[in-house]
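*Asks:* Annotations per TrEMBL:
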BINDING   109, 111, 128, 135, 304  alpha-D-glucoside binding site
DISULFID  105-137  disulfide bond
SIGNAL    1-19  signal peptide
C-alpha cells in the first residue's frame, strides 16, 4: 500500500513544535510592553524609550518597537525570561534594528545577561554573557560586535564584520552551535562564519590550559613512577650464599645495585609519555572544561548602549535553539515589511523634493514681484533711525 506524502504544512508545524523559543517580543500589545521591560534607574540621566514605528514603515503596528528618544544619552533597559542553559544546544539570537536617524555615533547592539542580573541597576558594568549587534561612530567604526564572556573575561571576534549604515530596518542574527562553530547573518544572508576557538583568539588560552594540565598530571606520574623506581635498586638476580647463617648473620638481603637515582628526563621503565597522555585523556570529558559558547544561566536580554543622536528602533527580538524557526520568524516579520518600508520612504522622499521645489519657486516669484516693496520697507526702517 502506498504511503501518502506528508504535506509541507505538517512538516513546518512539526518543526515549530520541536523548536524551543526562550524569548520572543514583537510589541503587538501596545503599552503592555512596560510590564515586561524594566527601565534601569541606576542613573537619573539614562535616556527613555517609547513605542514607535518611526516616520516611515512597512506596517504601522507590526513595525512598532522600542525607540530611543533623547540625544546624547546612555540607555539601559531589559526583559527577563525563564532561565536556561544552552549546553549541547544551538543558540540563536535575532532582532531587528532601524537607525532611522542615520546613526552618526552610537550602539545598536543587544546584550544577553545571566538570570541574576539586577535589572533596576543595569549599567555598563553589569556582567553579560553575549554582546551582539551593530556599532557605528564616525568613519572608522561601522562594525558588528560579537563578544563572548569566557573565563571571567570578554573576548571579541577578531574578524572585522561590517554592519548596515543606512536608515532602513535590518535583521541581525547570531548562531552559536555546540560544535563550536558560529555564524553571523544580516537580512537573512550569512556574512561571517567560522570556528569560535580560532576567531576569538582563544586557541592560545586553551593550549596553555591544556599544557598546564598535562604537565601537572605527567609530573605526578613521574613522582609515582620514581617511587617504584627506588624500590627496584636491589639486585633481584643475587642468591643467598650457601654458608649464610640466619641465626648468626640475620636476615639476608640482596646487595644494592649502583643505579642512578630517578632524574627529570630519565624515562621510567615501562612508560611512555605520549602513550600515557593519550590513555589518560582518551576517556575523559576534557573539553567540557573549556567550553567557549556554553552558558548555564541565561535569563535576560537588554539594551545597554550610548547614542549621540536618538531615533533607533529595536524590534522582533528572538532567542531560540532552532535555526530554521529563527529564519521563518525573520521572514514573517522583517521579511513582510521590508519592501513596503522602502516604498513608503521613496514616496516621502519624492514629496519632500516636490515641496522643496515649490518653496523655491515661491521664493523666486516673491523676489521677482515683491522685491521692490521689501526694499522700500527696508529703506523706510533705516530712515526711521
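Here the Cβ of each residue, glycine as well, is placed from N, Cα and C on the backbone.
TrEMBL labels come from automatic prediction, so no person has curated them.
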*Asks:* Return only the integer: C-alpha distance in Å from residue 105 (disulfide bond) to residue 111 (alpha-D-glucoside binding site).
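*Replies:* If we compare the Cα positions of residue 105 (disulfide bond) and residue 111 (alpha-D-glucoside binding site), the gap is 18 Å.
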*Asks:* What is the set of residues, excluding 109, 111, 128, 135, 304, whose C-beta falls within 8 angstroms of the centroid of the C-beta atoms at the alpha-D-glucoside site?
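*Replies:* Nearby residues not in the site list: 107, 110, 131, 132, 133, 145, 147, 302, 303, 305.
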*Asks:* Where the record says 109, 111, 128, 135, 304 bind alpha-D-glucoside, what is the longest distance in Å from one Cα to another among those residues?
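*Replies:* About 17 Å separates the two most distant Cα atoms.
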*Asks:* Write down the Cα-Cα distance for residue 137 (disulfide bond) and residue 111 (alpha-D-glucoside binding site), rounded and given in Å.
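*Replies:* Cα-Cα, rounded: 19 Å.
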*Asks:* Taking the Cβ of residue 304 (alpha-D-glucoside binding site) as reference, which residues of that chain separated by at least 6 in sequence fall under 8 Å from it?
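*Replies:* Spatial neighbours, sequence-distant, of residue 304 (alpha-D-glucoside binding site): 40, 74, 75, 76, 78, 111, 122, 123, 124, 126, 128.
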*Asks:* Roughly how many Å separate the Cα of residue 109 (alpha-D-glucoside binding site) from that of residue 137 (disulfide bond), to the nearest whole number?
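*Replies:* The Cα atom of residue 109 (alpha-D-glucoside binding site) is 13 Å away from the Cα atom of residue 137 (disulfide bond).
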*Asks:* What count of other C-beta atoms do you get within 10 angstroms of the C-beta of residue 109 (alpha-D-glucoside binding site), across all chains shown?
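*Replies:* A count of 22.
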